[in-house]
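Data first, discussion second: the structure below is written as structure tokens.
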Amino acid sequence: MADYNFGAGPSVVPQEVLEVIKREIMNFNHTGLSILEISHRSLDFQALISEAKNDLRALMGIPADYEILFLQGGASTQFMMLPLNLAQNKTAYYAISGIFGKKAYEEAIKASQLENIDVVSIGSTAHHHYDRLLKIDLEKIDFQKAAYLHLTTNNTVEGTAIFPENLPESHEVPLIADMSSNIMAVDYDISKFGMVYAGAQKNLGIAGLTVVIIKKDLLSKDQVLPSMLDYQVLAEHQSMYNTPPTFAIYVAGLIFKWVKAQGGVKELERQNRKKAKLLYDYIDQSDFYDNPVYNINERSICNVIFRCPHQNLDVEFANEAEKRGLLSLKGHRSVGGLRASLYNAFPVEGVRKLIEFMKDFEEENK
Ligand code: PMP
């Protein structure tokens, strides 16, 4: 029986992509070398990285006036690079609807102690345990001083998401999104954002690569930052100021080809909606399981959170599920409960298997 990986990240990689990696690992592109060994300055790698960027641009409809950066350090490094690059002598605003949004804000506060940056939270739903999104009030923003408004499009831990139709319409201030857990899984219009960023280990492949998509007019030539933290320097060097994460970029390139073969981002979003609906519908009709998200239209389609009637049953559920090949269903360590991450590469059959198991578990434990 096949195992299904519900992990939140690192997470499932399409089987077809794993097969290509296996086939190519000993000899990349007839070079006689493994992709693990080739120089990032070689023509083969140069071709690979530019193809990956072009494919990403085409798949996400990234306009020509946006730069694509392939960086390291995870989304967490962006929490501090963002204010250092964009908010000097300005105010950075944060809408906080989850623990990662809070981390982004807290890291910006630290950055503000190094430079002349003001950091302001326009509100948080922490008092509701992040069971809902913050209602963003643009009146709280001083547009004269604002560098940007930061939000998280998908709250990986809490299972909520801001879908494209619910994004704030703010033309006066650039929107910046941490899209780590729903980039390429939901079809966002990139031109609505000043910058988006994401760690690759959910929908774009494996850990080690961080993608930053930034409007070119936000890159600054005036300020002095250490080179590895400076978007302008990294852009000038086409993401190769230093040695980039070559293998993770190679895998992302394969993922982009896979997404294209599936029919593109819109089609994957359609499939993701279908997978999530199956599971939410099952949870909703059950009086054993419960999804804690307060507003139904804010439910994430990438991370479905649910709970059994008692905490000790959640632990038992996850352990029993593992025995049936349903892996990594434990909720984030900070909140407990259960979480099924249904990213692009997660197959619908896995959702059906999970529902079968949920029925059995409910039967045995109610
Ligand atoms: N933001 C979100 C929404 C995330 O889900 C995560 C990781 N789970 C992070 C940021 C942190 O990403 P990284 O581990 O790549 O630093």
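Note: Cβ is positioned from N, Cα and C throughout, glycine not excepted.
Unlike curated records, TrEMBL annotations are generated automatically.
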Practice item. Check TrEMBL for me: it has ALA75, SER76, PHE100, THR156, GLN201, ASN242, THR243 binding pyridoxal 5'-phosphate, so pick out which one of ASP55, ASP131, ASP178, ASP222 it puts in that same site. Key: ASP178
Review point. Of the recorded positions ALA75, PHE100, ASP178, LYS202, ASN242, THR243, which ones put their CB under 6 Å from ligand 1?
Key: ALA75, PHE100, ASP178
Review point. What are the non-local neighbours of SER76 (pyridoxal 5'-phosphate binding site), defined as same-chain residues 6+ apart in sequence with CB under 8 A from its CB?
Key: LYS103, GLU107, GLY199
Check your understanding: What's the CA-CA gap between ARG41 (L-glutamate binding site) and LYS202 (N6-(pyridoxal phosphate)lysine) in angstrom, rounded?
Key -> 27
Revision key, fill the gap. Of all C-alpha pairs drawn from the pyridoxal 5'-phosphate-binding set ALA75, SER76, PHE100, THR156, ASP178, GLN201, ASN242, THR243, the farthest apart lie at a distance in Å of 31
Exercise for review: Reduce the DSSP letter at ASP178 (pyridoxal 5'-phosphate binding site) to three states and note it down.
Suggested key: strand
Review point. For the domain 'Aminotransferase class V' (4-354), what is the mean per-residue pLDDT, to the nearest integer?
Key: 97
Review point. Taking DSSP three-state, what's THR243 (pyridoxal 5'-phosphate binding site) in: helix, strand or coil?
Key: coil
